[in-house]
Amino acid sequence: MVSRVIPVQPFDLVVFGGTGDLARRKILPALFRRYCAGQMGDAARVIGAARAEMDDTAYRDFVRGAITEFGADTACAPDQLEAFLGQIGYVTLDAQGAQGWDALKARLGDADRIRAFYFSVGPGLFADLAARIETHGLAGPDTRVVVEKPFGRDLASARSLNADLAKHFDETQIYRIDHYLGKETVQNLMAIRFGNMLFEPLWNSQYVDHIQITVAESGGVGSRGDYYDKAGAMRDMMQNHIMQLLCLTAMEPPAKYDPHAVRDEKLKVIRALGPVEPGDVVRGQYEGTDSLPGYLEEVGDDSSRTESFVALKARIGNWRWAGTPFYLRTGKRLRARASEIAVVFKDAPHSIFGADAGRHRNILTIRLQPNEGIEMGVTIKEPGPGGMRLVDVPLDMTFSEALGPEAGDIPDAYERLIMDVIRGDQTLFMRGDEVEAAWEWTDPIIEAWDAPGAEPCPYATGSSGPDDALALMHRDGRRWREIRI
Ligand code: NAP
């Protein structure tokens with residue numbers, strides 16, 4: 001199956017922080033891949049901007065290096081890279097000073113075309129950038145700004161960032177990235193739910209026993225220790241990525257697939273989340289091994305109480321989900337790098353096969369990584385003579401197998417999202433009120449951890465997290481699915 005690529009309109013994309021880690025690893029390779037796919041077009045221009053002194057040639061060398069390192073898997077011809085680099089420029093610019101803004105204005109000129117500003121810098125610079133874009137007359141009706149996570153560290157800071165952006169841009173111009181929403185499987189969650197008759201009638205507390213969402217990483221904090229120790233798993237993963245997965249899993253069918261309808265429904269889910277009881281949340285810190293440092297050693301602070309793992313039981317107080325808990329967990333240095341949403345259905349109301357047949361449950365698993373795909377666990381008869389023995393088998397739809405080799409080359413989330421920015425489609429971006437509502441739910445959980453004695457539980461590297469997290473489900477007569485590749 002060959003996927004259709006519709007070229008976007010000509011655009012100018014200014015990447016503030018164009019020399020940074022995110023630009024190097026994600027944004028620039030994503031643009032190159034879209035160029036190779038024929039979507040970016042020959043008239044598009046990309047302008048990197050940062051304080052480092054560089055000319056266009058030096059920046060193109062930088063971009064070439066980034067693509068060689070992080071975009072080399074693309075099916076591009078070698079001459080495409082040189083042509084792509086011809087569309088790249090650079091401006092030395094200070095977000096907090098006067099330097100470079102006139103040069104950027106001159107570069108952009110008066111062309112009447114889509115103009116996107118990607119804020120790939122720390123959130124401390126968002127307000128400065130937004131103000132200077134306006135002061136220098138760089139914004140017009142076809143202007144969009146893209147802002148990166150973290151969007152605040154609590155409700156107050158998120159409100160303040162929203163207010164800073166709202167002084168200069170309309171909400172319809174602001175694209176808050178959560179790259180999880182750009183993942184193909186996450187969008188497929190909506191396709192499965194709302195494109196099939198099969199699932200939606202069962203998608204409620206009458207038929208669903210519980211839902212588990214796991215985002216497990218096998219690596220530790222590594223070189224991101226400084227950032228991570230100020231954030232922790234709750235801020236880094238739960239408040240944004242897992243919250244988005246929860247919303248798409250739990251929301252009501254929007255009237256149509258458009259930014260307002262989808263985001264309205266997600267917001268209703270967040271607002272329906274009940275407060276999390278202190279006994280329903282477990283946080284942990286990984287221990288070291290003979291060859292790997294533990295969390296405290298890695299961040300270089302023996303007294304850190306920041307969590308590298310969090311598991312909790314969430315309840316959604318609405319008609320659809322009352323009585324069906326959502327168990328959420330995320331952590332580092334776990335058994336495997338594996339993320340999934342598992343919808344665990346209830347037992348059949350009566351077994352005609354008797355107690356010997358055992359307990360069988362349907363589980364619909366939406367795998368985000370690795371091997372993006374969907375698996376439906378169904379119960380069938382074990383083949384062979386000798387009575388009715390039941391066995392659970394997966395109906396497995398790994399996208400790359402089901403849709404052919406073309407579909408195996410699934411675009412990276414950033415490719416999809418950047419093109420959506422250019423197209424002006426905000427459906428997969430978080431709205432300001434959504435982000436604030438998510439912080440409103442998260443803040444009390446984090447604040448409770450400030451209490452004396454509320455220490456994170458240690459857990460072994462390569463495990464499934466602290467024992468208390470296992471107990472969180474055991475006491476409800478349930479268990480976590482195994483974390484496996
Ligand atoms: P980074 O590697 O530290 O890069 C920061 C960039 O901002 C550099 O290009 C830097 O260049 C530029 N910069 C700093 N101060 C500036 C100023 N006053 N004026 C103009 N440019 C300035 O950071 P990053 O990892 O790329 O992260 C960028 C943003 O993305 C952050 O908000 C981060 O939280 C978010 N993010 C990053 C990742 C990731 O994987 N890296 C993932 C998700 C989200 P100069 O010093 O030369 O000015």
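Glycine residues also receive a Cβ, built from the backbone N, Cα and C atoms like all the rest.
Lys332 is the residue from Lys313, Lys332, Lys346 that TrEMBL records in the substrate site together with His179, Lys183, Glu217, Asp236. NADP(+) is bound by Gly17, Gly18, Thr19, Gly20, Asp21, Leu22, Ala23, Arg24, Lys149 in TrEMBL, and the record lists one more residue there from Arg45, Arg51, Arg113, Arg115, which is Arg51. Counting every protein chain shown, the Cβ of Asp236 (substrate binding site) has 23 other Cβ atoms within 10 Å.
If you take the CA of His179 (substrate binding site) and look 10 A around it, the recorded positions you hit from Gly17, Thr19, Asp21, Ala23, Arg51, His241 are His241. Of the binding-site residues Asp21, Glu217, Glu217 has the largest number of other Cβ atoms within 10 Å of its own Cβ. The shortest Cα-Cα distance between Lys332 (substrate binding site) and any of the binding-site residues Asp21, Ala23, Arg51 is the one to Asp21. Taking a Cβ cut-off of under 6 Å from any atom of ligand 1, none of the recorded positions Lys183, Glu217, His241, Lys332 qualifies.
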